[in-house]
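Copied over from TrEMBL, here are the features:
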type	residues	note
DOMAIN	24-222	domain 'PNPLA'
MOTIF	28-33	motif 'GXGXXG'
MOTIF	66-70	motif 'GXSXG'
ACT_SITE	Ser68	active site, nucleophile
ACT_SITE	Asp208	active site, proton acceptor
DOMAIN	384-591	domain 'PNPLA'
MOTIF	388-393	motif 'GXGXXG'
MOTIF	426-430	motif 'GXSXG'
ACT_SITE	Ser428	active site, nucleophile
ACT_SITE	Asp578	active site, proton acceptor
Amino acid sequence: MSMESTSQVFQLQHQSYGKLITVLSIDGGGIRGLIPGVILAFLESHLQKLDGAGARLADYFDVIAGTSTGGLVTAMLTAPNDDNRPLFDAKDIKDFYLDHCPKIFPQERRNPISRAARMFKCLFGPKYDGKYLHSLLREKLGDAKLHQTLTNIVIPAFDIKKLQPTIFSTYQLKKNPSLDASLSDICIGTSAAPTYLHAHYFETKDSDGHTRQFNLIDSDPKEHGRFLVLSLGTGSPQVKDQKYDAKSAKKWGCFGWLITLADVFSRASSDMADYHNPTVLQALHSQENYLRIQDDTLTREMSSVDVATKENLEDLVRVGEKLLKKAVFKRSLNRGAVNHALVKQPWFIHQTCFLVSLDLKDTKSTSEVFQLQHQSYGKLITVLSIDGGGIRGLIPGVILAFLESHLQKLDGEEARLADYFDVIAGTSTGGLVTAMLTAPNDDNRPLFDAKDIKDFYLHHCPKIFPRERRNPISRAARMFKCLFGPKYDGKYLQSLLKEKLGDTKLHQTLTNIVIPAFDIKKLQPTIFSTYQLMKNPSLDASLSDICIGTSAAPTYLPAHYFETKDSEGLTRQFNLIDGGVAANNPTLIAIDQVTREMITRKSRGIFPQDPKEQGRFLVLSLGTGSPQVKDQKYNAKSAKKWGCFGWLITLVDVFSRASSDMADYHNPTVLQALHSQENYLRIQDDTLTGMMPSVDVATKENLEDLVRVGEKLLKKAVSRVNLETGIYEPSNQGTNEEALIRLAQILSKEKRLRDATLSINHLDSN
């Protein structure tokens, strides 16, 4: 079925006027900001019909969020003019883009010499110097600062020095006054797309004279935290127009991945937001109040972020205008398209206008306070999540061995982790560990004990990631090879996994598992989930293929192609790279999968019918370590000079860290919405130095160092990440070792109660 737009919507609620929290979110996408600009002009014009010509969007939304080009639109709609009204009307956005985009992104002349010169320049510096954009924003936004916006705003960026997201949020200013930067600096930072515009450095000074440095590049749009949400996309290529596949990508080296990486990571980020938002809003009792408007029919130059020709810009305006006339759709991540036409976009926008208008006339928005329910053994949903990180999988391996050993002390030597967790999720190296713990042996018990993980990594990692000889000629040859092909051929890993996992398929695992990967042909995540097999039997791939795919890190290992065939003989193709591109920390994906299962149908067995009723989730999330903050090696002053070469390896590092850090940011909020914030244990080390942060330096010394990191981590205090500093800080809950012992006791009691319940049910049935 051919689909034309990607919009997600549920019918708006009418019963809570005056108590809505209204959210507007705008994606990034360069010149494609024209598309949401058209939608916003339509929405504001209808608010003006209801409430008068002075009505502006900032009067109706409690928070407006935007990234990159969406951050610029956010600032335009909320920065005050001299009369303390919005600096721009929504209808001004279109003309602003049409006038200024050709000057921000000047197009090269059509002759071959000019094009060749531009391409050569792009290898060693950003494609555009950004000077016009900088001067334009400083002229239009002046000295307006974050605290001066006419409604709350949220604009994410990414600090390349700290290797973590920086969220410019008016909600955070009281606690973090150093975030009160000028809107122009914020917009320049969030728009600094790698390889296109240079990184942006600036400083702020608070009332005490403390200076804070920012080293910013482009980031990705964030989810919304009783909630009326309008989320506007900036368009994406139509599926049949995708230009990558695993067969070509498996041969790529640094050159092949140069431009592709930024495309892949930005699409992964956007798709994961499409994936999570409906579930998060369902948990927040707001699923009926969510409208996502997006187009997925862009072809050729329309899907670019910078082809600012008159013809292309006008084409984008027409996309926005046509999108208003299209039916509202829901997104299908499994097919990479959209389905279920519901109602026309304009009708829904009229309804949105009606509700936000009434809500404004009533009372100021309020949010719900969630209380943790009393624990009820036998009705927990137990989740284990393991991050990606190559050889650093040794760190969670040590933690898991400790946990399983304590379960064995409680329940006997046959106890295995798969007996206790309802779902185990893992990405990349975490996906491999997940398969090891859940694949069945001939006795239908786990193929590996948790204690086997360490020796498995120590023995096989040096063969998966062989080191070059120490002489300069060998090193030079390896570096040259990496320019035109992956650093490692992946043959040993592939043969190892096929030998160990055999023909075992996804449906055969001993407990539910979730392993994300990224399909480079569809440019979207592929989630291998046992929960989805009834609905999508084409996902029932062999565990070896799934693990090879989720581990295929760009520039390190070749992309992986395989096919599956369902019972009706229908073939599905997969073109996979590393799942860390989309979700290096898969905790939220695992929670999503369970929540969807509980929401869509009455679950069998132990699960409660509604994930919102009680504190049901018990979550253990294991990281694979990250560099010590003082050991960070990037900053805006050096990054602003980078071209494609400078960004190549950095992008993998940056986006993987961004993915993990945003999971740290979102997971506590989601679990609070699910009444389970006290049942969440995240174990992560952020003190890695030297070679330890690498994913592939598989020397004996480095691998043993990683084992010691895991052992020491057990003795460290339970910590929570401070998102301002990027540092894990003690949370007064004892050591990780003590927390795992408590967790083992809960898991043991939970399993015994489940076993007793199953026995009673069996007797009753007889």
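Just so you know, glycine gets a Cβ as well, placed from its N, Cα and C.
All features noted in TrEMBL, drawn onto the structure.
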residue	record	DSSP (3 states)
Ser68	active site, nucleophile	coil
Asp208	active site, proton acceptor	coil
Ser428	active site, nucleophile	coil
Asp578	active site, proton acceptor	coil
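Spatial neighbours are here defined as Cα atoms within 10 angstroms of one another, and by that definition the neighbours of Asp578 (active site, proton acceptor) among the active-site residues Ser68, Asp208, Ser428 are Ser428. Within its own chain, the motif 'GXSXG' (66-70) is flanked in space by residues 25-33, 36, 153, 155-156, 190-191, 193, 218-222, 232, 234, 305, which lie at least six positions past its ends and keep a Cβ under 8 Å from the stretch. Spacing of Asp208 (active site, proton acceptor) relative to Ser68 (active site, nucleophile) is 31 Å (Cα to Cα, whole number). Around the Cβ of Ser428 (active site, nucleophile), the same chain contributes Asp387, Gly388, Gly389, Gly390, Thr550, Ser551, Ala553, Asp578, Gly579, Gly580, Asn584, each under 8 angstroms and 6 or more positions distant in sequence. The active-site residues under consideration are Asp208, Asp578. Their Cβ neighbour counts within 10 Å are lowest for Asp208.
Averaged across the motif 'GXSXG' (426-430), pLDDT in this predicted model comes to 95.
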